[in-house]
C-alpha cells in the first residue's frame, strides 16, 4: 500500500499537523517539530504532545508514516568545531522531540563541507554526529535525505549515503529518504533509465534502508545540481515517472511526501498519485 501525504504546517502547535494532513486526504505526512529557522525553540508542552498523539490516532496516522524534518540550520558535517557542536546539540534536540511525540523517523540533509574540509572528512563527521545522537536517544531512526548537490552539500551521490551508513554503529536506526527532484538534478536519469537508477540504489545503498520519499517535480534540468521543486507533472520530470513510481511495490509501506510548491494543489496531487496505484 502507498502512504501519500505532504509536508504540512504545524503552525500554532505540532498537534495541528495531523489535522492539516487529514484535510488534504493524506494517509502520511511530514512536519517540523519546532521552528526550522531558529537554533533554539521552546520545549514541547505536555498538552501539545498529548493532543498530537490523540490527533494522529483519531485520523489514523501511524508513526511509521510520519516523516518529521529537522531544521535547515543544522550541518552535521560542519568543518568548524563551533558550528559542529551547535548542529549536534540542535539535532539531538530534534531527535528528543521525536521521542516525546512517539515518532520513529527524523529526516535530515546530511551536511556541507563549505569548501574547508575534504568530502570524506565531512562524511565522517556526519556519521559521527549520527552516532552521538543515536547513543542518547531510543527508537528514532536517523533518515538521511539525498541532496541535489547544490554548493558544497553532500549526499547527492548514492555512494556518499552508503559511506555514512557504513560508519553508523546501529544499522537498525539509520535510513535514507530519496527526494525525486534531488535525485534528478543530482544527475540520475530515471526518466530514461528507471530500472538502472533504482537498481543502482538497491546495489549501492540497499532498499532495506529506504524509509521514505519526497515526491517533487523539478524546475531545473537533469544534472543541474540545483534544488528547485515544482508541482507534480508541471516540471521537467513529468507525470509518467510518478505514474511508474506509484505502481512500483518497492515504494510501498513508507511515507511518500509532497514538498511541491503550490500547497493548494496538494489534495489534487495526492488523489492523482493514489489513482495511479490502481
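Cβ coordinates come from backbone N, Cα and C, glycine included.
Here Swiss-Prot flags 69, 109, 145 as Zn(2+) 1 binding site. Long-range Cβ proximity for residue 145 (Zn(2+) 1 binding site), meaning a same-chain Cβ under 8 A and a gap of 6 or more residues, is found for 107, 108, 109, 110, 155, 176, 177, 178, 179, 182, 214.
Annotation comment: Swiss-Prot describes 145, 179, 214, 259 as Zn(2+) 2 binding site. Taking Cβ-Cβ distances under 8 Å and a sequence separation of 6 or more, the neighbours of residue 259 (Zn(2+) 2 binding site) in its chain are 6, 7, 30, 179, 214, 215, 216, 229. DSSP assigns residue 259 (Zn(2+) 2 binding site) to coil in the three-state reduction, placing it in neither a helix nor a strand.
Per Swiss-Prot, Zn(2+) 3 binding site is recorded for 182, 227, 229, and the stated evidence type is sequence analysis. For the recorded site, residue 227 (Zn(2+) 3 binding site), the DSSP three-state label reads coil.
Over all protein chains present, the Cβ of residue 179 (Zn(2+) 2 binding site) has 26 other Cβ atoms lying within 10 Å. Cβ environment of residue 69 (Zn(2+) 1 binding site): 7, 30, 31, 32, 36, 106, 107, 108 lie under 8 Å away, each six or more residues apart in the same chain.
Cβ neighbours of residue 227 (Zn(2+) 3 binding site) (same chain, under 8 Å, six or more residues apart in sequence): 147, 148, 150, 181, 182, 185, 220.
In this structure, residue 182 (Zn(2+) 3 binding site) is part of a helix by DSSP.
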